[in-house]
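Student: Here it is: the structure, laid out below.
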């Protein structure tokens, strides 16, 4: 592969679509805390002055949707009408129904191992050894930029920052290896009374420089900080937000394929979410084992059927053993049936709200980021 550029973006927790994702996952967590076997498909819409929570939920739990919504928005930092959105005064509307019994009969089984997939679909997982967390560098550093924006906003270091922000970063590659950062874009909502010059200097010193490795920065690296010159109106006042609208930000920043299914608001019986996590787990363990430098896994399911309809391993010519052998190892060491992967990754816990901002992958404390199968895979592959 010759020289090329690759770009990924991220958005902060205060971006309207991410507010929606976090509310949906906060509702899911509250329900799973009381009822781990609940069926949850929770969708959220946010716009100036209002939040609408809808979907299909079947559970024995009772949760206060309004209070969960307000607390989530409060935690993000929208606590005053000056910001264009206020957790304390926004309207919260609920339109929740129950999961269709036609779906239930395909998912629930007397034998848990025969639990069927909650829907048909295809999911991808990916890993690469270009970063220490085995994630693509562009999306990893795009996330870290907006995470840093949140840190300095919440700590009071830059008190004029507001919750809505976006980042974008372009990396230079030569023969598949990173050689530098070509361009950095960071746009952040801000208070009315901060000058463009002061904002740009502070963002460079307090957000960009602490995050980006100096070895990838050079004299030709370009910076675009609030390039429109003004970003006072943001959050739900600037744009409406909807659950599931940031699926590339949530995954690999465009460097891997995507099956199209969103994650937030869905309990683990929905393979859109749980099988995508399992596919990441498989790919990461293959790369951690040194069996490939890059690995993409595809799995697919039929509604009501436990066994995956397909498993595909793609290693882009970086494999150390054949992809046929890798596929056999995946089938041997990973149970990718819905119940099997839920047990394998211990998914029936309220861990999802935190996934809903700054990426579902590459943060080591999530169970699908473990590399506990790497040594077994390496041994089974016959590599020393």
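Going from the start of the chain as shown, residues are counted 1 onward.
Placed from the backbone N, Cα and C atoms, the Cβ positions cover glycine too.
On a predicted model such as this, the values are computed, not experimentally measured, just so you know.
Taken from Swiss-Prot, the feature ATP binding site covers 15, 164, 165, 166, 230, 231, 239, 245, 246, 262, 266, and the record attributes it to sequence analysis. Among the features that Swiss-Prot reports, Mg(2+) binding site is placed at 17, with the record citing sequence analysis. Under the heading K(+) binding site, Swiss-Prot lists 43. Under the heading L-methionine binding site, Swiss-Prot lists 56, 99, 239, 270, citing sequence analysis as support. Per Swiss-Prot, region 'Flexible loop' is recorded for 99-109.
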Student: Just how spread out is the ATP site if you go by the largest Cα to Cα distance in Å among 15, 164, 165, 166, 230, 231, 239, 245, 246, 262, 266?
Tutor: 36
Student: If you compare CA-to-CA distances from residue 17 (Mg(2+) binding site) to each of the binding-site residues 43, 56, 165, 239, 266, which comes out shortest?
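Tutor: That would be 239, nearest by Cα distance.
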Student: Expressed to the nearest Å, what is the distance separating residue 165 (ATP binding site) and the residue listed as 'K(+) binding site' at their Cα atoms?
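Tutor: Here the two Cα atoms are 22 Å apart.
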Student: Give, as a single whole number between 0 and 100, the mean pLDDT over the region 'Flexible loop' (99-109).
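Tutor: Mean model confidence (pLDDT) across the region 'Flexible loop' (99-109) is 62.
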Student: When the Cα-Cα distance from residue 246 (ATP binding site) is computed for each of the binding-site residues 43, 56, 270, which gives the smallest value?
Tutor: 43
Student: Would you mind sorting out which of 15, 43, 230, 239 (the binding-site residues) have a C-alpha within 10 A of the one on residue 56 (L-methionine binding site)?
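Tutor: Correct set: 43.
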Student: Of the binding-site residues 15, 43, 230, 239, which sits closest to residue 270 (L-methionine binding site) by Cα distance?
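Tutor: Closest by Cα: 43.
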Student: Using a Cβ cut-off under 8 Å and a sequence separation of 6 or more, which residues in the same chain sit near residue 15 (ATP binding site)?
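Tutor: 164, 165, 166, 235, 241, 246 - these are the non-local Cβ neighbours of residue 15 (ATP binding site), listed in sequence order.
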Student: If I restrict to non-local contacts, at least six residues apart, and a C-beta distance under 8 angstroms, what lies near residue 43 (K(+) binding site) in its own chain?
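Tutor: Set apart from residue 43 (K(+) binding site) by at least 6 residues yet with Cβ under 8 Å, we have 20, 24, 53, 54, 55, 242, 243, 244, 265.
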Student: Return the residues near residue 230 (ATP binding site), defined as same-chain residues 6+ apart in sequence whose C-beta is under 8 angstroms from its C-beta, sorted by sequence, else 'none'.
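Tutor: Same-chain residues close to residue 230 (ATP binding site) (Cβ under 8 Å, separated by 6 or more) are 196.
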Student: Sequence gap of 6 or more, Cβ distance under 8 Å: name the residues on the same chain that satisfy this around residue 266 (ATP binding site), in order along the sequence.
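Tutor: Looking at Cβ-Cβ distances below 8 Å from residue 266 (ATP binding site), excluding near sequence neighbours, one finds 28, 40, 41, 42, 272, 273.
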Student: Given a 10 Å Cβ-Cβ cut-off, pick out the one of the binding-site residues 17, 56, 239 that has the most other Cβ atoms nearby.
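Tutor: Per the Cβ count, the most surrounded site is 17.
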Student: At a 10 Å cut-off from the C-beta of residue 270 (L-methionine binding site), count the other C-beta atoms across all protein chains.
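Tutor: So the Cβ neighbour count for residue 270 (L-methionine binding site) comes to 23.
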